[in-house]
Amino acid sequence: MDATDDIRAGELASDWSGSPDAGVVFIGRIHTPWNRLKECPRHGRADGPVCRIEVFETWLPALAGIDDGTLLEVFYWLHRSRRDLLLQCPRNDGDARGTFSIRSPLRPNPIGTSIARVDRRDGANLFIRGLDCLDGTPLVDLKPDRAEFMPLAPPKPGDFQVGEPRR
């Protein structure tokens, strides 16, 4: 769906027209083989085509420590997605579900995320597989995958806390 598409039977759009609460700085651009939403996969595959993440020059020093083989969580802005749908029918069968209960790219803050391993790094370019976004998608952030990352900073008391949260 593009932002200009009609909604499907059973779907509901918001009429919210307030101002945003926060700003986002794009740190790069993602280059993929997909130019149209109908071509783009619903989920990235580890054996999918190689895509290129271009990190803008300002942010190049922030890539220090990212090497070939690094497993990253890639955050991107799904800039061609609708942002007003509250109820969606992912199967196009009229059976609506709340936007927050599905992984649709159509959401108030269209942030996409994929876990991908760096095949190769060449300066400001990361070549990876496993993305599910359009060519030219803005890059929001890169983080090491939680499963492989051990914090470098000293532990804090909350790191060891277990049990029920206070109410």
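Heads up, the Cβ atoms here are built off N, Cα and C, so glycines get one too.
Under the three-state DSSP scheme, Arg80 (S-adenosyl-L-methionine binding site) falls in the coil class. Residues annotated as S-adenosyl-L-methionine binding site in Swiss-Prot, with experimental evidence given as evidence: Pro41, Arg42, His43, His79, Arg80, Arg103, Thr113, Asp132, Cys133, Leu134, Asp135, Gly136, Thr137.
Mean predicted confidence for the domain 'TsaA-like' (24-154): the pLDDT average there is 93. The annotation domain 'TsaA-like' is assigned in Swiss-Prot to 24-154.
Residues or ranges marked as region 'Disordered' in Swiss-Prot: 148-167.
For Pro41 (S-adenosyl-L-methionine binding site), the Cβ neighbour count at a 10 Å cut-off comes to 14, with all displayed protein chains included. Secondary structure from DSSP puts Thr137 (S-adenosyl-L-methionine binding site) in a beta strand. Here Asp135 (S-adenosyl-L-methionine binding site) comes close to Ile30, His31, Thr32, Pro33, Trp34, Asn35: these same-chain residues lie at least six apart in sequence, with C-beta atoms under 8 angstroms from its C-beta.
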